[in-house]
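Asks: Pulled from TrEMBL, these are the listed features:
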type	residues	note
BINDING	163, 164, 165	NADP(+) binding site
DOMAIN	6-118	domain 'Tetrahydrofolate dehydrogenase/cyclohydrolase catalytic'
DOMAIN	137-278	domain 'Tetrahydrofolate dehydrogenase/cyclohydrolase NAD(P)-binding'
Ligand SMILES: Nc1nc2c(c(=O)[nH]1)N[C@@H](CN(C=O)c1ccc(C(=O)N[C@@H](CCC(=O)O)C(=O)O)cc1)CN2
């Protein structure tokens, strides 16, 4: 078997075209996104510039606030407060990871939940658990859209999520559960990982370990979603899944790059447009 490739770039592009129409409908309101970037992390700079470019292409106003990694937590909280009160801003995000001296929880909790387009605030996480209207975290929500696009219904399927981060693993399991999947969480300390992954109809690999998931880890026909963003020995971007091995056995698989990544940014745009729509009602 050779797997169907789940092309995140293509799905992202289709969704972005739909968002353009929604932005046109907003008429007097221009959706506004504030992005706070702290320090000099090269990957973060790249992701932020991709977010800004994507906003520009769609006609979303984006405001970049660059802060040195010496910024204090209290100065950062003040800036967030100003953005909470800024009527031109419908979405606020603080690019992660943060420098060690800044508390992630305090920062996330300072963002007005109605502008928390990353979907990380405890109010949005609680609403996600309740299955209600909320901003859902972008990467897992993007994966749900990819499954939907490929008519892969999680209902009754066994989904194994490998990873337990607050931004991907945990909400991913919750979203799959909300769609009636049976969910197993594994992580970097799970012993005998294969025992679990071999039972999976859908595997989400989001642990940040290059080539952790090999053909031996999956059953024939599994759907394999790779969230990993790692570098190989030559500095080339690669995921948590051995793509060449697993594509021979899986029924559908995402590549890295060009899989989940583009959907993360698209779902950020989606949440920002949704927020502007809510403000304009
Ligand atoms: N505040 C947030 N911080 C972080 C998030 C987040 O959702 N909110 N997620 C990640 C990084 N991230 C977005 O911020 C992100 C990662 C990867 C991609 C992406 O499109 N990757 C491309 C490859 C890009 C490259 O060449 O380097 C791909 O997979 O094709 C987009 C967004 C952590 N921080």
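Glycine is no exception: its Cβ is also placed from the backbone N, Cα and C atoms.
Nobody curates TrEMBL annotations by hand; they come from automatic prediction.
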Asks: Mind giving me a neighbour count for residue 165 (NADP(+) binding site)? Other Cβ atoms within 10 Å of its Cβ, every protein chain shown.
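Replies: Summing over all protein chains shown, residue 165 (NADP(+) binding site) has 17 other Cβ atoms within 10 Å.
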Asks: Relative to the Cβ position of residue 163 (NADP(+) binding site), how many further Cβ atoms are located within 10 Å?
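Replies: By my count, 24.
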Asks: Below 8 Å Cβ to Cβ and six or more residues apart, same chain only. Which residues does that give for residue 164 (NADP(+) binding site)?
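Replies: Result: 170, 185, 187.
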Asks: Three states by DSSP: which one describes residue 164 (NADP(+) binding site)?
Replies: coil
